[in-house]
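Undergrad: Structure below; questions to follow.
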Amino acid sequence: MGNYKSRPTQTCSDEWKKKVSESYAIIIERLEDNLQIKENEFQELRHIFGSDEAFSEVSLNYRTERGLSLLHLCCVCGGNKSHIRALMLKGLRPSRLTRNGFPALHLAVYKDSPELITSLLHSGADVQQVGYGGLTALHIAAIAGHPEAAEVLLQHGANVNVQDAVFFTPLHIAAYYGHEQVTSVLLKFGADVNVSGEVGDRPLHLASAKGFFNIVKLLVEEGSKADVNAQDNEDHVPLHFCSRFGHHNIVSYLLQSDLEVQPHVINIYGDTPLHLACYNGNFEVAKEIVQVTGTESLTKENIFSETAFHSACTYGKNIDLVKFLLDQNAVNINHRGRDGHTGLHSACYHGHIRLVQFLLDNGADMNLVACDPSRSSGEKDEQTCLMWAYEKGHDAIVTLLKHYKRPQEELPCNEYSQPGGDGSYVSVPSPLGKIKSMTKEKADVLLLRAELPSRFHLQLSEIEFHEIIGSGSFGKVYKGRCRNKIVAIKRYRANTYCSKSDVDMFCREVSILCQLNHPCVVQFVGACLDDPSQFAIVTQYISGGSLFSLLHEQKRILDLQSKLIIAVDVAKGMEYLHSLTQPIIHRDLNSHNILLYEDGHAVVADFGESRFLQSLDEDNMTKQPGNLRWMAPEVFTQCTRYTIKADVFSYSLCLWELLTGEIPFAHLKPAAAAADMAYHHIRPPIGYSIPKPISSLLIRGWNACPEGRPEFSEVVSKLEECLCNVELMSPASSNSSGSLSPSSSSDCLLSRGGPGRSHVAALRSRFELEYALNARSYAGWSQSVGTHSNPGLSLEEMNRSTQYSTVDKYGYVSDPMSLTHLHSRQDDSNFEDSN
């Protein structure tokens with residue numbers, strides 16, 4: 001039994017084929033080098049071979065610096081068969097090699113000139129002559145993919161099964177490079193399809209590994225018919241190779257019953273074809289093998305104590321494959337290999353955090369232990385999956401496992417455990433995790449310095465700091481001056497000892513900001529990159545502050561037109577981010593990160609949590625970034641890799657907040673608000689004050705299904721249409737029942753535009769008036785749904801019946817007449833105010 005932790009990712013045959021590939025690449029390079037002739041020399045040679053007089057006067061001892069004789073040059077520079085005959089009659093030997101090791105016949109074959117090939121052979125050239133690498137002219141034809149040249153050589157007696165220095169026949173080479181026509185020619189002349197190369201590899205092995213389906217069919221169906229169960233020196237059959245490299249069409253073809261392929265055969269490492277498909281995340285191939293051949297391979301363990309399920313967990317990047325395997329009756333999520341390790345151990349060891357979370361959510365037991373098979377039988381070194389993750393420095397997984405930990409009476413205790421009976425583990429970062437983090441961050445900074453355009457490089461001495469205007473976990477934000485501009489300076493604290501370091505966040509934000517250029521996105525001025533202690537991001541200063549401050553701290557009252565201008569600007573900024581060549585997902589869109597100019601226009605800011613959508617860092621799209629209160633359900637639940645549609649959800653909450661002047665779910669803490677939206681499908685109430693065209697946009701925007709949400713291009717179009725018809729967008733015109741006139745509502749509010757409680761009083765009056773005017777509509781609606789309401793209820797009684805606070809901590813009145821809110825309470829009897 002082998003040690004799982006020492007399982008090689010490459011086999012011996014892989015290493016050999018790598019060297020073979022390199023050797024053929026060198027051969028092609030040397031052939032091409034022989035064709036490289038200086039321009040002036042080439043023109044002179046073209047003149048020689050184009051004029052009988054010039055040809056007759058040339059010296060037979062002529063040589064280029066690469067050792068090409070006139071006979072070689074005749075094959076390269078446009079000579080003809082008469083030149084070949086004349087030169088050979090004058091005594092030039094066709095066997096003479098260039099400095100790169102090739103005779104004239106090899107060059108004629110590489111140039112694909114059947115006429116010159118025939119002339120050379122008729123004039124005495126040896127068809128079996130070997131050049132560099134043990135290659136004959138037929139090998140060269142197979143490498144270059146020239147079927148006519150190959151046929152001429154074979155007609156003149158070339159050995160179809162001749163082997164080169166690595167024991168490859170021309171058929172091996174044609175199968176390796178995918179030259180279908182050359183393969184057909186070789187088979188027509190009787191090539192042996194079952195001859196073995198240096199490591200026992202046959203043409204069918206090579207074509208199966210490379211995915212050349214038509215060549216596989218030729219080898220199996222024509223000529224002497226290839227052995228579909230032939231094994232190489234490591235006992236691989238063709239099915240192993242096509243399963244490993246994901247060639248589904250070849251797998252399906254080989255599994256045909258009439259071919260009698262053995263689907264459960266193992267190699268010297270104990271791997272079945274299903275193992276190799278799972279080790280490489282080839283879901284469709286694995287599915288085909290299981291569905292066609294049954295479950296026998298599912299229970300087989302290789303020498304590293306891994307079943308196919310373990311193998312899929314080792315790969316770890318295809319959760320659909322893992323789900324499929326778990327759906328099979330023969331697979332148990334907690335199955336332990338001979339050394340005791342489970343699929344969860346494998347996922348932890350290789351750092352697949354998304355898969356680890358999936359396995360834990362589906363019943364994987366993190367307390368099962370594995371034993372080190374390299375230890376003597378008298379010693380025990382039991383290790384949980386947490387220890388495996390800690391050993392490899394996967395600190396994020398260690399933290400996740402601690403969160404899921406279920407205490408038991410006895411847990412293994414070793415160097416990774418704290419003394420004591422609780423089995424608690426040492427805190428992260430692990431030693432290796434710390435080294436990984438520091439190394440990665442240094443590399444990220446160096447790469448950023450190299451890639452950031454010089455105009456964005458700033459020195460800290462260029463920046464003049466004024467007052468503090470904000471702060472966060474990263475550090476502080478200052479107002480200041482840089483290059484004669486008033487700017488905002490985001491000063492980072494360097495901290496390399498946390499799983500989500502400030503250095504990493506800084507590098508990501510700068511790499512995104514430097515690529516943005518749009519009037520609705522905050523403008524990037526530059527960054528200080530010299531030293532982590534001086535890291536700073538400089539952007540334009542937006543004097544109006546944040547939308548959150550405007551609505552909830554200053555308690556400013558905006559008319560509908562002003563609100564729509566802000567909404568359109570933010571939507572345009574987000575549309576720009578999502579439509580870039582490399583789309584950017586903001587991941588933290590909320591009213592804090594919407595900044596306002598003095599003229600009422602808005603920009604999107606703060607890209608500390610943003611990511612390029614094509615990022616390969618697999619855990620980027622599974623963490624919970626940003627503010628929970630504005631977070632999309634799929635982000636909060638971490639159940640899937642979310643997309644740009646998560647930004648649409650956050651935007652919809654911001655739009656509702658802008659229109660109502662309320663914080664979403666102000667009566668709940670942020671985590672409770674996110675949980676209600678994710679698990680109970682609760683949404684903020686869409687009251688009478690929100691025009692119908694916008695309310696329909698809100699409902700689509702915070703759809704629980706991301707695919708049901710609109711693109712920002714559609715949002716911009718709808719809101720611009722509303723803005724053009726703002727007079728018709730008032731609450732009065734969007735509801736057919738009794739309503740406020742546009743002037744009576746807005747004039748009342750604007751006339752009480754003083755600071756403090758006058759705003760709150762105005763809002764209270766507004767909602768009370770809306771309640772009174774809309775009572776008849778509510779009574780009619782309640783009767784239609786079977787609810788008998790008392791038309792004489794007071795506003796206070798209505799508030800009590802809906803369990804909704806009249807005034808929140810910011811002094812805002814929640815809309816008691818929201819039909820959506822009332823309906824959601826009736827549909828969900830378990831909903832409780834968790835304030």
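Any Cβ shown, glycine's included, is placed from N, Cα and C.
As listed in Swiss-Prot for this protein:
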type	residues	note
LIPID	G2	N-myristoyl glycine
COILED	21-50	coiled coil
REPEAT	66-96	repeat 'ANK 1'
REPEAT	100-129	repeat 'ANK 2'
REPEAT	133-162	repeat 'ANK 3'
REPEAT	166-195	repeat 'ANK 4'
REPEAT	199-228	repeat 'ANK 5'
REPEAT	234-263	repeat 'ANK 6'
REPEAT	269-298	repeat 'ANK 7'
REPEAT	304-335	repeat 'ANK 8'
REPEAT	339-368	repeat 'ANK 9'
REPEAT	381-410	repeat 'ANK 10'
DOMAIN	463-723	domain 'Protein kinase'
BINDING	I469, G470, S471, G472, S473, F474, G475, K476, V477, K490	ATP binding site
ACT_SITE	D588	active site, proton acceptor
Undergrad: Can you find at least 3 Cβ pairs under 8 Å between the repeat 'ANK 9' (339-368) and the repeat 'ANK 7' (269-298), where each pair is 6 or more residues apart in sequence?
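TA: Checked: the repeat 'ANK 9' (339-368) vs the repeat 'ANK 7' (269-298), no contact.
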Undergrad: What are the DSSP helix, strand and coil residue counts for the repeat 'ANK 5' (199-228)?
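TA: For the repeat 'ANK 5' (199-228), the helix, strand and coil counts are 17 helix, 0 strand, 13 coil.
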Undergrad: Let's see if you can do this one: DSSP helix, strand and coil counts over the repeat 'ANK 3' (133-162), in that order.
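TA: When I sort the residues of the repeat 'ANK 3' (133-162) into the three classes, I find 19 helix, 0 strand, 11 coil.
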Undergrad: Which whole number is the mean pLDDT over the repeat 'ANK 4' (166-195)?
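TA: Mean pLDDT, the repeat 'ANK 4' (166-195): 95.
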Undergrad: Take the repeat 'ANK 4' (166-195) and find every residue of the same chain, 6 or more past its ends, with a Cβ under 8 Å from one of its Cβ atoms.
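TA: Contacts of the repeat 'ANK 4' (166-195) (Cβ under 8 Å, skipping residues fewer than 6 from its ends): 20, 23-24, 134, 136, 138-139, 141-143, 145-147, 150-151, 154, 160, 201-204, 206-207, 210, 212, 214-215, 218-219, 222-227, 230.
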Undergrad: How many Å lie between the Cα of D588 (active site, proton acceptor) and the Cα of S471 (ATP binding site)?
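TA: Answer for this pair: 16 Å between alpha carbons.
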Undergrad: Quick check on the binding-site residues I469, V477: which one has the highest count of other Cβ atoms within 10 Å of its Cβ?
TA: V477
Undergrad: For the residue listed as 'active site, proton acceptor', what is the secondary structure state per DSSP, taken as helix, strand or coil?
TA: coil
Undergrad: In the repeat 'ANK 7' (269-298), how many residues does DSSP assign to helix, to strand and to coil?
TA: 21 helix, 0 strand, 9 coil
Undergrad: Residue list, the repeat 'ANK 7' (269-298) vs rest of chain: Cβ under 8 Å, 6 or more residues beyond ends.
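TA: Hits for the repeat 'ANK 7' (269-298): 2, 11, 234, 237, 239-240, 242-248, 251-252, 255, 263, 304, 306-309, 311-312, 314-315, 317-318, 320-321, 324-325, 328-331.
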Undergrad: Would you mind splitting the repeat 'ANK 4' (166-195) into helix, strand and coil residue counts from DSSP?
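TA: For the repeat 'ANK 4' (166-195), the helix, strand and coil counts are 17 helix, 0 strand, 13 coil.
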Undergrad: Go ahead and report the DSSP secondary structure tallies for the repeat 'ANK 8' (304-335): helix first, then strand, then coil.
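TA: Final tally across the stretch: 16 helix, 0 strand, 16 coil.
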Undergrad: Just checking, which of S471, G475, D588 (recorded positions) has the fewest C-beta atoms within 10 Å of its C-beta?
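TA: Relative to the other recorded positions in S471, G475, D588, S471 has the fewest Cβ atoms within 10 Å.
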